[in-house]
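Participant: The structure is given below, and queries will be raised subsequently.
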Amino acid sequence: MNWHFRSSPAFITFVISYAVFTDQFLYSSIIPVIPFALHDRLGLPDKEKQYWTAVMFAVFGIACTVASVPWALLSYRFSSHKTPFQIGLAVLVGATLLLWLGRDLATQLTGRTLQGLGSSIVWVTGMAALADAVGSAHIGEATGWVAIALNAGSLIAPLVGGSIFERSGYHAVYALIMAVLVLDVVFRFIMKERLGAAINNPLDVTTVTPRIGSIHSKPAEIKEQFSEEGKRDKFPASQVQEYDLEAGSDQGAAAAGVDNKAVEWTKGRTVPVILQMLFVPRMIAASWGILALAGVLSGFQTILPLVVHKIFGWNAEGGGLIFLPLTVPALLGPFVGRLTDRFGGRWFSFLSFLFMAPSLILLRLVEDNSIGHKIMICTLLTCIGSCSTLALEPLFAEITKAADEVHASSLGCSQPRQNSYLEAYALFSTAWGAGDVVGPFLAGFILNAAGWRTTTWVLGLLAGVSAIPAVLFCDGYIWSLPPRRSSSSV
């Protein structure tokens, strides 16, 4: 039997996407179960359910945020991404068992914390493995499939979890979760990783010295260095993006998305590479965009069922179905990702945040139980979902491409490219986890304190402000980015 498919980019993309689906399914399927578990299994009074439910969500996000960077640094000690990827699965299984069987608050909080840790492992290690498999030239299309899995988990899990809970009870929900996890186990063990180099252990600090593709190198020198060392890094010289990088050129540095001040500050110093990435404007812009997008989406996940119940009188099933227009546009993810790979992500991310802002603000007009207002909220949510898809694919790709630029510049140091991906997606996971913490608290607090209309203003403002760093820094600094040469002229 031919098992070569195990290491194919298509199968690896499928496995990573299913892992993301599993992670999101675990997170979302117990949303309707948590209040029951807190009241009937733990004996908490009704007046405390709202508080501890919010705490359970916050604990997950905090664990994901705090664990991402340490896990990326710890992953250096493994010879491939597959082993830590499987460790993350074991953590998720343990977390699920604790949440399923725990009958006290400490056990439930521990389970939710472990679930956040497992989620960070899935995102950091899984996305790094995906970037290794498909390369930065095709990462946009690949992450489009990941986005479909992410949104499918967000949409399906609450509906299925709530329906099974009502018909078959508490234990049936967790039995389904374990079945999803078992399938994930099978896929992760079948997958065979494609690595250009082992993830050796240069550990978390390196001395910054220009090596491959210094920002002071000329294009010909960069291609020559990559052709000499390409066997180790598996980065074909034909994929090197050419910029006019003259010696000492501020324009060339900005074209690569690298701040010259960051180069001067780190030159000759021993600095963790992940901290060096924090000096790269395009990495900062991408991380902020991810935090803002996660905050808006998680905030809606928290308050939208409450709002439609109050305005339209919809039950839990209706509160779940209202997410359909928000998530169905994610089916366009691979197409958007392909466009991002071809044309860059600056204008996609900028326009998505720009149009998302008024769509969010106009939701304040939905306040009557009428057909017109039901059509209005579905239309606006479709616009918001479309904008989130247009934003997410370029931001995914930007993380990978920014890591490549850092690796190829004088900030890239002497570590394997796979380590740069680990650190880049650690920042991604940190930003997403922070959004998962900020979004529900921000939206829930404002909804309770000032009402639905003010909440839509705040979320719209968050989206609108996020358009500014997207247009300025995605794909490099907008006013310093020189034209790329065509590959035929090389």
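Every residue number used here counts from 1 along the chain in the order it is shown.
Just so it is clear, glycine is given a Cβ too, placed from its N, Cα and C backbone atoms.
Taken from TrEMBL, the feature transmembrane segment covers 12-38, 50-73, 85-102, 114-133, 145-165, 171-191, 285-308, 320-340, 347-365, 424-451, 457-479. The feature domain 'Major facilitator superfamily (MFS) profile' is assigned by TrEMBL to 12-478.
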Participant: Determine which recorded stretch among 50-73, 85-102, 457-479 has the most C-beta pairs below 8 angstroms with the transmembrane segment (424-451).
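Facilitator: Per the Cβ under 8 Å count, 50-73.
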Participant: If we skip the immediate neighbours and take only residues 6+ beyond the ends of the transmembrane segment (50-73), which ones have a Cβ under 8 Å from one of its Cβ atoms?
Facilitator: 27, 34-35, 38, 44, 84, 105, 108-109, 112-117, 119-121, 123-125, 203-204, 272, 274, 298, 302, 422-423, 425-427, 429-430, 432-437, 440-441, 444
Participant: Given a Cβ distance threshold of under 8 angstroms, which distant residues of the chain, six or more beyond its ends, lie next to the transmembrane segment (285-308)?
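Facilitator: The answer is 28, 57, 61, 154, 314, 316, 318-320, 322-323, 326, 349, 353, 356, 360, 377, 384, 388, 391-392, 395, 398-399, 402, 427-428, 430-436, 438-440, 442-444, 447, 452, 455, 459, 462-463, 465-466, 469-470, 472-474.
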Participant: Given the transmembrane segment (12-38), which of the listed stretches 114-133, 145-165, 171-191, 347-365 has the most Cβ pairs that are under 8 Å apart from it?
Facilitator: 145-165
Participant: Quick test of the contact rule: Cβ under 8 Å, at least six residues beyond the ends. What residues does that give for the transmembrane segment (457-479)?
Facilitator: 254-257, 281-282, 284-286, 288-289, 292-293, 295-296, 299-300, 344-347, 349-351, 353-354, 356-361, 364, 387, 391, 394, 398, 401, 442-443, 446
Participant: Give the nonlocal contacts of the transmembrane segment (85-102) in its own chain as ranges (CB under 8 Å, at least six residues past its ends).
Facilitator: 19, 22-23, 26, 30, 37, 108, 110-115, 117-119, 121-122, 125-126, 129, 171, 174, 177-178, 181, 184-185, 188-189
Participant: Looking only at the domain 'Major facilitator superfamily (MFS) profile' (12-478), what is the model's average confidence as pLDDT?
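Facilitator: Here the mean pLDDT over the domain 'Major facilitator superfamily (MFS) profile' (12-478) amounts to 77.
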Participant: Please indicate, using numbers and ranges, the residues of the same chain that are 6 or more beyond the transmembrane segment (145-165) and have a C-beta under 8 Å from a C-beta there.
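Facilitator: Beyond its ends, the transmembrane segment (145-165) has Cβ neighbours at 13-14, 16-18, 20-33, 36, 127, 130, 172-173, 176, 297, 301, 316-317, 320-321, 323-324, 327, 330-331, 333-334, 337, 389, 392-393, 396.
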